[in-house]
Amino acid sequence: MAISDWPEAERPREKLIEKGAAALSDAELLAIFLRTGITGVSAVELARKLLTHFGSLTKLCAASLHEFSELPGMGPAKFAQLQAVMEMAKRALAEELKNGDIMDSPQSVRNYLCLSLKGKPYEVFVGIFLDARHRTIVTEELFNGTLTQASVYPREVVKRALYHNAAAMIFAHNHPSGIAEPSTADEILTQSLKQALALVDVKVLDHFVIGSSEVVSFAERGLI
């Protein structure tokens, strides 16, 4: 049955307008994004198939063009639309971090980092460069690596901090395994970065590890 034949209160678009986006399931939200289904399959049914295929909304959003286009009804146009939505969300969160002391918006920091790093199939190491008032100067992807690790070089991080005239930094990296628990190597690296940056008067405020369902803060753990 086409969505247009459903009772009005059950149609995703009308439901969103009446009750707000938070009232919709992942499949219903995705159906609004898709707009139409394919022959014999409604947009909601197609959305459910996509979520089942990828396993989660996070993995769907992190899919490559090749992975995305393998499925019926999907292609470069839909992929481009999805990437545009993701990028707009990231930029909106990044704007929040530039407007004041980043330490006053810990949840915004977590949201931004999750959106940027969660679901990536390889490890990515990110640095947020801050001014003396802890306002964001720029966020950079400093290093990336394999499924299990990224090689991080403190000397290169110091160079970037000096280039941006940063007074403080926040680091983050993802664990493609989905487990956010910091490793011993993560702790050693964080201390190495902290010591190297201290030599040029740059303070390390935190280091976040991003998993599939959890974010661990080194500062909250007392590891900074």
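Cβ atoms here come from the backbone N, Cα and C positions, even for glycine.
Mean pLDDT of the predicted structure over the domain 'MPN' (102-224): 91. The annotation domain 'MPN' is assigned in Swiss-Prot to 102-224 on the grounds of sequence analysis.
For H175 (Zn(2+) binding site), other Cβ atoms within 10 Å of its Cβ number 24. For the recorded site, H175 (Zn(2+) binding site), the DSSP three-state label reads coil. The Zn(2+) binding site annotation in Swiss-Prot covers H173, H175, D186.
The motif 'JAMM motif' feature in Swiss-Prot is assigned to 173-186; the stated evidence is sequence analysis. Sequence-distant contacts of the motif 'JAMM motif' (173-186) (same chain, at least 6 residues past either end, Cβ-Cβ under 8 Å): 117-118, 120-126, 147-150, 207-216, 218, 221, 223.
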Near-site residues: Zn(2+), ref H173, H175, D186, CB cutoff 8 A to centroid: E123, F125, N174, A180, P182, S183, V209, I210
